[in-house]
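Colleague: Below are the structure tokens for one structure; questions will follow.
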Amino acid sequence: MAHSPGVTTVTTEQSDILALARAQVLENGEGLSEAQVLEVLRLPDSVLEELLSLAHEVRMRWCGPEVEVEGIISLKTGGCPEDCHFCSQSGLFDSPVRAAWLDVPMLVEAAKQTAKTGATEFCIVAAVRGPDERLMAQVAAGIAAIKDELDINIACSLGMLTPEQAEALAAMGVHRYNHNLETARSHFAQVVSTHTWEERWETLRLVREAGMEVCCGGIVGMGESLAQRAEFAGQLAALGPDEVPLNFLNPRPGTPFGELEPMSGPDALRAVAAFRLALPRAILRFAGGREITLGDLGARRGLLGGVNAVIVGNYLTTLGRPAEADIDLLGELAMPLKALNDTL
Amino acid sequence: MAAAFCDQCGRSAEAGGHVRCAVRRELEPPRYCAECARRMVVQVTPMGWTARCSRHGEIFSPEGVC
Ligand code: SF4
Ligand SMILES: [Zn+2]
Ligand SMILES: [Zn+2]
């Protein structure tokens, strides 16, 4: 790649970590350690393109060119008793988001619209600490109705589970369960006070035990240090999830993190590449906040920098780019949409 | 009818200071009723949104709901 001569000198240490990542991750499929991820996160902008292209090579080598496309829907919005400081759906903050429930016909319609884009994943989300009987019944009815009408993989994200609930969801045909660790263990108490990182970890263990795929990621840009961002990547690698959704903080009005600055584009891209190098085989999904942090070019930059899954259309409470824009981009990049058969 | 209230922050539309609201509106459904400033019940769906004011009824995203 072209560097502007004299602008930045790349030190031996910087080229070393990239050379090492090439040998260790690209050739051998062995993810970077926490300390190595930290070195990557500290790389200067002058080697960002080189880093992104390595992350892209790693993704192509260990995951292939397919992109997994997902739509998400909020079944129960707002009024959550937890206090995750980034979240507009907590009932404890003065956020403009009001509580709402979606009915089953609307849920089925949302699944149909998602499938129409070519997406193979449909994730049903509820803003709760964990599901109660009413929510479990609503989810069961919703999944049955969706499965009646169309073929799509169904994932859920309903908070912390009991062993019985994990079993019940698996029996309903939920193929993947999302539960984010959100941030590094050492930073978690700065982000959430109503439950612990360990409680989240326990739910992830139950999800795997029940036979569902594990989807676990978090949000970067919540005031964590680079060392903590690397720590988080290391903790995710230790968990070994099937999918890692990576969000960038989108500061929500009325929340404790409402006044934080969104991450810079280069920092966000460095995080994407670093997470790919820590997790060479995971489905790495661009989740929320990419529009704010990276603008219109974000999808392209991410998909050429380690990302191999996207959320199309809107998010839970905010709006995304038009789904067609992302689907067209995949065509342009010659990245086929992952087919349903591949994932069943 | 011109909106009396900002659908993002719920303050008077004429009051000024809505620069951030204008930016936010690009990626955010309306949160406050433009006629009475009540907080609305908003449902975002993959391709659209609905927002309901208990007094003034429901509005939909231009592209439809789902
Ligand atoms: S548990 Fe989920 S919905 Fe509730 S406040 Fe935390 S992130 Fe938001
Ligand atoms: Zn306003
Ligand atoms: Zn009204």
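Cβ atoms here come from the backbone N, Cα and C positions, even for glycine.
Heads up, here are the entries from TrEMBL:
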{"type": "BINDING", "residues": "A:C80, A:C84, A:C87", "note": "[4Fe-4S] cluster binding site"}
{"type": "BINDING", "residues": "A:C123, A:C215, A:R285", "note": "[2Fe-2S] cluster binding site"}
{"type": "DOMAIN", "residues": "A:65-290", "note": "domain 'Radical SAM core'"}
Colleague: Would you mind reading off the Cα separation of A:R285 ([2Fe-2S] cluster binding site) from A:C87 ([4Fe-4S] cluster binding site), to the nearest angstrom?
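Modeller: Per the Cα atoms, A:R285 ([2Fe-2S] cluster binding site) and A:C87 ([4Fe-4S] cluster binding site) stand 19 Å apart.
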Colleague: Report the residues of the chain - excluding A:C123, A:C215, A:R285 - with C-beta within 8 Å of the mean position of the site's C-beta atoms, for the recorded [2Fe-2S] cluster site, in sequence order.
Modeller: A:E70, A:I72, A:E121, A:A155, A:S157, A:R176, A:N178, A:G217, A:E243, A:P245, A:I283, A:A287, A:A309, A:I311
Colleague: Any idea what the model's mean pLDDT is for the domain 'Radical SAM core' (A:65-290)?
Modeller: 96
Colleague: What Cα-Cα separation, expressed in whole Å, is found between A:C84 ([4Fe-4S] cluster binding site) and A:C123 ([2Fe-2S] cluster binding site)?
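Modeller: If we compare the Cα positions of A:C84 ([4Fe-4S] cluster binding site) and A:C123 ([2Fe-2S] cluster binding site), the gap is 20 Å.
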Colleague: Return the residues near A:C80 ([4Fe-4S] cluster binding site) by Cβ distance under 8 Å, restricted to its own chain and a separation of at least 6 in sequence.
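Modeller: Once residues fewer than 6 apart are set aside, A:C80 ([4Fe-4S] cluster binding site) is near A:C87, A:Q89, A:S90, A:G91, A:A127, A:V128, A:R129.
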Colleague: Tell me, how many other CB atoms lie within 10 A of the CB of A:R285 ([2Fe-2S] cluster binding site), whichever protein chain they belong to?
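Modeller: Taking every protein chain into account, the count is 24.
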Colleague: If you skip the near sequence neighbours and keep only those at least six away, which residues in the chain come within under 8 angstroms of A:C123 ([2Fe-2S] cluster binding site), Cβ to Cβ?
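Modeller: Spatial neighbours, sequence-distant, of A:C123 ([2Fe-2S] cluster binding site): A:E70, A:G71, A:I72, A:I73, A:I154, A:A155, A:C156, A:S157, A:R176, A:N178.
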Colleague: If the criterion is a C-beta within less than 6 angstroms of any ligand 1 atom, which of the binding-site residues A:C84, A:C87, A:C123, A:C215, A:R285 pass it? List them in sequence order.
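Modeller: Listed by sequence, the hits are A:C84, A:C87.
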